[in-house]
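**Student:** As annotated by TrEMBL, Mg(2+) binding site applies to 7, 100. What TrEMBL lists as domain 'PIN' is 4-119.
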């Protein structure tokens with residue numbers, strides 16, 4: 001069973017009425033049988049921020065809480081000091097933002113084989129995790 005780490009942007013499309021084609025695609029991607037999806041506390045926090053601050057109109061706080069609570073039921077990597085230190089090393093070694101490096105490190109810690117994101121180079125492998133843009137045909 002593929003172990004997939006989900007970045008914030010993939011999850012945000014589930015709720016983005018301004019991107020209907022990606023909203024539908026994200027829904028289909030996450031309904032694929034035989035996949036195990038993982039998130040991190042960082043992803044959940046970023047998603048809450050996107051929903052309530054970047055979307056126009058913003059998602060209400062009550063609805064955003066429901067979304068985060070539902071997604072928190074997935075396997076979730078907790079951000080701790082060790083993860084931050086490893087991410088700082090990965091950011092330095094691969095010229096990534098600390099936030100992207102945190103996602104890579106969380107995916108590696110969870111033992112995921114793929115990281116689904118639009119933010120990194122598809123096909124590259126970082127820390128044993130293959131980067132995949134799930135909205136690009138493979």
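The backbone N, Cα and C atoms fix where each Cβ goes, and this holds for glycine too.
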**Student:** Restricting to the chain of residue 7 (Mg(2+) binding site) and a gap of 6 or more, list residues whose Cβ falls under 8 Å of its Cβ, or answer none.
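**Tutor:** Same-chain residues close to residue 7 (Mg(2+) binding site) (Cβ under 8 Å, separated by 6 or more) are 43, 103, 115, 116, 117, 118, 119.
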**Student:** Is it possible to get the count of other C-beta atoms within 10 angstroms of the C-beta of residue 100 (Mg(2+) binding site)?
**Tutor:** 21
**Student:** Could you give me three numbers for the domain 'PIN' (4-119), the DSSP helix, strand and coil residue counts?
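**Tutor:** Taking each residue of the domain 'PIN' (4-119) in turn, the totals are 67 helix, 13 strand, 36 coil.
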**Student:** Mean pLDDT across the domain 'PIN' (4-119), rounded to an integer, is what?
**Tutor:** 97
